[in-house]
Each structure stands twice: as C-alpha cells, then as structure tokens.
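Q: Relevant sequence annotations retrieved from TrEMBL are reproduced here:
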type	residues	note
BINDING	B:K7, B:Y8, B:G9, B:G10, B:T172, B:D173, B:Y178, B:K208, B:V209	ATP binding site
BINDING	B:T47, B:E74	substrate binding site
DOMAIN	B:343-401	domain 'ACT'
Number of protein chains: 2
Amino acid sequence: MSTVVQKYGGTSVSTIDKIKFIAKLLAKRKKAGDNLVVVVSAMGNTTDKLIELANNVSTNPSKRELDMLLSTGEQITSALLAMTLKDIGYDAIALTGFQAGIKTEDKHTRASILDIEINKVKNHLKEDKIVIVAGFQGIDKNGNITTLGRGGSDTTAVALAAKLNCPCEIYTDVEGIYGVDPKIYPNAKKLDYISYDEMLEMASLGAKVIETRAVELASKYKVPIYIALNTGSVSGTYIKELDESMEEKVITGLTTSDDDLMVTINNVLYDIKNICYIFNRLAEMDINIDMISQTAPIYGYVNISFTAPKDSKNLILKLVDELKAKMKDIEIDIQENITKISVVGLGMRTQSGVAAKLFKIFSDNNIQFKQVTTSEIRISYTINTKDKEKAVFKIAEEFNI
Amino acid sequence: MSTVVQKYGGTSVSTIDKIKFIAKLLAKRKKAGDNLVVVVSAMGNTTDKLIELANNVSTNPSKRELDMLLSTGEQITSALLAMTLKDIGYDAIALTGFQAGIKTEDKHTRASILDIEINKVKNHLKEDKIVIVAGFQGIDKNGNITTLGRGGSDTTAVALAAKLNCPCEIYTDVEGIYGVDPKIYPNAKKLDYISYDEMLEMASLGAKVIETRAVELASKYKVPIYIALNTGSVSGTYIKELDESMEEKVITGLTTSDDDLMVTINNVLYDIKNICYIFNRLAEMDINIDMISQTAPIYGYVNISFTAPKDSKNLILKLVDELKAKMKDIEIDIQENITKISVVGLGMRTQSGVAAKLFKIFSDNNIQFKQVTTSEIRISYTINTKDKEKAVFKIAEEFNI
C-alpha cells in the first residue's frame, strides 16, 4: 500500500458541495488502496475575510493574534472534510497544525517549518484513517500558533510528503503548469513535466500555481509533485528532478508580471557609499527589489534602475524625498506601465543562442526593452506593458511553448 | 492589585464595534489597577452558522470534528479582542483552550473540565498582560480539542476564577437576575443578590442568564459571581453564599418554561416491572424527563405523567408505539400546550405556608394545575399555557417578586 500526500487549495474547498465532491474523490482513492494524508486550505475567501476583521480592529494587527485568527480557516475546512468522509463511511481524522506535530520557528505570519513529529500522522495512518491536516499552520516552541504565509498549505503538504518519503499531489483550479499563461496566449501548451529549477524560476516570476517555498522544499528532499485539476479528470504536470527520459527543451516556459514598477535614479554621484546607502535604505524599508541595473559611470555619475512591487509605491515615494534631500543632483523617474517578461529553460545551460534569438524577436517586432537580467536558466526583460501581448505571442510561437 | 475573571457572551462581542467597546471597558479597568482574565464566546451567531455547516455535510456529524470546528468561533473572538487591546496600547495575549491549559475529559461536545494548568495564565498576568481566553473549549489527554457544551464559556470563566481564587464577573445583555422574567411581568424586580442554591433552581428552570454547571462550580469553590449588563453602566446581581447581611426572602424568584410537553400514560398495569420498563426505555433513549407523577393504583392500574423537552417528541412517539405493542390496555396522551411554573426561595426551608398560599392563588383565580412537584427550596406546577400570564402576575404580586 502506498502513501500519498494530497493538497486541496481554497477554490477546491470553497463550498460544502465542493468539499463533498473532494470527499468522494478521496474515498475512491482510498478504496483503490492508497494511504491518504490530505492537506486543506481555508474555504474560498475565508482568509481574506478574517484579515478584513483584523484590519477593522487595528491598523497594524498583532501578528501573534493574526496567526491565531487566520489558522481557524484551515481548521474549519479540515474538520468539515473529515466529517464528510466519516458520513460516507470512511474513517478520517482532522488535525490542526499542532495536532499534526508541525513545529515552526517562533516567527509570526511567515514562519518556516523546523520539523514535523511525523509519528502522529503515521499512527493515524496505521489505524487506516484518512488523515486531514489543516494547512498553512504550525506551533512554535512556546506553544503559540504560527502560520507559514500565503500559499503555506503547499509547504505543509510538501513537508509532510518529505517526512513520509512519499509523493505529493497538489490539486487546484488549473489543469497543470503551462509554458505560458493561456489567458495571454490561447495556444499555450500544458507541460507534462518540469524540473524543480525551472519551476522555481517560473513560480517566483508570476506563474502562481504553487508556492515557491514548497518547490524549494520539494527540490531539497526530492519530493515528486503532481499538479492537476481538482476534478482528477485531466492529466496534470509533474514537477520532479530532470531525468534522462525527459526531453530537454531549450525553453520550457515564459512568464509575465505586471506587479512591479520600475524606478530609475539618474545622476547619482559615483561613490560606492552613495549606492550602498540607497540599497541599504531599500532593505531597511523592507522593499523587495529586483532587476537591478546600473550604467557605467559617465563624468563621475551613474544611473541606477530597479523594479519593486507596485504595492510598495508609497514607501518608495518616501524614500525618494529622503534621497532628494541627501543627494542634490539626482533625478528620479517611476514608471508604472511596465511588464517583466521572462523565459525559462534548463536547456539554456547547454544551448547557446537563446539570448540572441530573443534580441532578434524584440528587434524584428519593434519592442523596446528597458532592462535585461539573466540567470543560468532564465532571461528577463522589462518592457512597456502595451507591448506585452505582442512579445508573448512572438516568443511563444518562436519557441513552441 | 486584585485579579478578576470577566466573561463576555456572544451578544456582547457580536460585532467589531462591540469588541472595540469591550476593549475600552477593559482598558479602563486595567488602568484602575486590576489584573484581568477575560473569557469570550463566539461572535453573535457564529456557533449556529458553524453547526449549520456541519449539518450540511453530515446528518450526524462526528463529534470530535464538531468540537474542532466549533472551537474556532471563540478562538476568533479572543484573537480579535487581544488585537484591539494592543491597538489601543494595552498589552494583551489571546489563548485558546489548550494554550490556557484547560484540560478536559476525553468526551466531545460536552466535556467537563478536569483541571487547569493555571500557571500558564498566571505567568502572563505577571507580565502585566490582559489575558484573553477562548471560552467553551479545552483539550483532552490525547491532544484532541474538546468543547464544554452550550454556555460552556460561563464554566470556563468560573473554573479560571476558582483556580485563581478570585471573583468572576459575567457580562451579558440583561441587567442582572430578575425574580421573574420582565418580558412576562413588567414590574419584575432585579435582585441585588441571590444564593447559589436559589440560582441553581432558577437556572435549570428557564432563567437562561447563566449556565447551571457554572453556578454549580461556583458554589463548590465559593467563587462569587457578579452578573451585569455588558455596558458596565447599571448595577447587576451577585450570586454568592447567603450571609447574614442578606435579608432572607421567602420567595426569591419565579420562573416559567414552555419548552416541555407532558406525557400521560393511563391504565398501566400496576407492576413494578412495567413502570421500571417505561423509565428504563426513556433513559436508554436519552430522553431527559422531569416532573414525574403517578396516581395511586386503582383496580390494579396506575396513571403515570411526566414532562420531557418538546424536541424529544419524535423519540417519545417512537416509544409510545413500542409501549402500546407491549402493554395492551394503556392509553397515551401528549399535551404540548403546557407551561412549567416554579417558585424558588431559600426562605421556604424555614417558613411554612408557601404551598398553601400558592394553592389559594390558583384556586382564587381558577387556574388548573396538572402536576406539582417540590424540592426543599422550590415548588413547581404544570399548568395550561393559556393561564401562564395570569399565574405569573398573581404570584409575583402576592410575593412581591
């Protein structure tokens, strides 16, 4: 009998009818002989509603109490799913994070899992129960309830699979991982498999199907992940280590993100202290920057550009005032209508010419790019948002994504 | 510095505005120098909504998972109240049942508290925190979440007060305990104090201001209870041991209940086995009966009457069929329009004539009663519901309740 960890996200359990549907799928799978550990998220938009309650009592809610509040969402789903299974004749037990032995750092709203006392889950599996675990939560060494941050249920599922040394199946409202967002490029092809590394580059760049931390964890412990539609009716995508049976594509996927703005600071006196000051202040203000580029110094001055999340705009405006007071000569430009477009593929490591091919596509189609950064398996550009669709279509066609 | 346990029920914390209001009251009290432990219920009708969810997935929801589900209601309120206090500058900490060290039997939906590891709460008080405890819940020896049944938050509050050796204040949406329900008798007088024993008789008979188990616990550990309006603006009622400073009234209160029906079984062959069988079956079917009366045998037959909750009517009808099959001669009558009316008073122990006075009131006003039962400090009658108002007015006037 094999063991599998499954995870169902918020949209998969958003109504009582959906919970009943999932229970039937689980019953079928259990009947087929599998040991099941099932991680669930909060129902639909429950977490958002709870956050709204918190924001109504405090502009800066206590994080410890926020975790206590938010963890109830998953607790409710897990209790309801276990009840439903028992109602249709399958023994099940619902466990909160602490009952499932999920130990985390003593850090609130985005704690990391330190360890799982996996015997708690194993003992219930031995009793032939379907074990339902409230995702997204754990307990710290002082007995405080912690949460793992948005998408934390993915991490819960992968961590349990790592401890149980079994595969992890993540059921969601999409059919799997696509090489490019089908909403932008209708001819997009679903991938049968993708390597951990490629998925990591794609996840952090906007393909919001699975939490990046969960993929990192899966990669570390070699947990094979299967992502598929929550109806179980269509084949999905495997995320696993690349093996020889997989054809190595040059470009596996293409992602875009409109979530960032681009800040350019012109005429910064070329002094390492100045540049260091800017990036230090950004870090101190907890502004998560990306796509840093700097021109070579001309007449003792440099221009610096970086992208940052649009929701940190107010913080950036504050910093702009601060910088202007400190560095007289600088000029600051903030562009909001930009899109980050990235192509990802393990093949880039061994096959050259991808960058050249991309530059040619941009040039042939008259698409201006503002910045370019590269990693071993990724090339990213910032372009004007108005050019996004054209760029996606041309690249996807050219690389058959 | 004195310590006090306060409890706020569901109607007192039903909205964010009400939670903010309670937080201000607590802040004022804390500023005045008191150590505060605050037990909260679920917001408004949250518990009912959760029960509805459970009933939607199962006709007979797993009790273990039901407890896990329902406990989230109080967890949410406690987190929100602690956040609110911190927001207005008062250090506070929210604790679930298990975090507050509340150990219960391993029995679901109506567990009793076995013990409280009170040092957990004491340590937070030492740190000068307002300790907010999620009411109604605890944890059993196997780490399962349990609940204490409806009204369990009162029990949580009194149990904490007993362990902390301090008084308990229960804030609610009524101004205190009345000798008779003001909705029925507008001239009803609020009591300044009432003894534990009187309160126990009144609570179990329908004055649904405080959970009976909580009063029992308070009586056992001599915890003084103060019940008052949640605005703190009107003086309430003390429930405590009767001391010599209190004037002993003959009749402290009068309660009525329309929740029962009366079953009469006529022509039961007078054989102890027959009668025993009937009451055994009632117990086996978990029908909570009250007001048992039996006529003296005539020609070898007796008539038996008892009252039972109206919601057990279906079970009773099932039993009726069973009894008719077994005992050929019997006739069964079920009356639903009956009211149980009870007068309660410690004074009855020493002063005679209360029963006589009551019989005279019934007689003078042409009120038929069907059954009468007495205890040391209580006399109860079943009457037709149509006579309820008349009976209440006449008795309340006569005894100045």
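Any Cβ shown, glycine's included, is placed from N, Cα and C.
Surface or core, plus neighbours and distances: that's what I need for these features.
A: Here B:K7 (ATP binding site) comes close to B:V38, B:V39, B:V40, B:S41, B:G135, B:S153, B:D154, B:T156, B:A157, B:C168, B:E169, B:I170, B:Y171: these same-chain residues lie at least six apart in sequence, with C-beta atoms under 8 angstroms from its C-beta.
Counted within 10 Å of its Cβ, the other Cβ atoms near B:E74 (substrate binding site) come to 32, all protein chains included.
Looking just at the domain 'ACT' (B:343-401), the mean pLDDT is 87.
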Q: Let me know how many other Cβ atoms fall within 10 Å of the Cβ of B:G9 (ATP binding site).
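A: Taking all protein chains shown, B:G9 (ATP binding site) has 22 Cβ neighbours within 10 Å.
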Q: List those binding-site residues among B:K7, B:G9, B:T47, B:E74 whose Cβ lies under 8 Å from any Cβ of chain A, in sequence order, or write 'none' if there are none.
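A: Qualifying residues, whose Cβ lies under 8 Å from chain A: none.
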Q: Rounded to a whole angstrom, what is the C-alpha distance between B:Y178 (ATP binding site) and B:T47 (substrate binding site)?
A: 27
Q: List the same-chain residues at least 6 positions away in sequence whose Cβ sits under 8 Å from the Cβ of B:T172 (ATP binding site), in sequence order, or say none.
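A: Those within reach of B:T172 (ATP binding site), by Cβ under 8 Å and sequence separation of 6 or more, are B:G9, B:T11, B:S12, B:V209, B:I227, B:A228, B:L229, B:N230.
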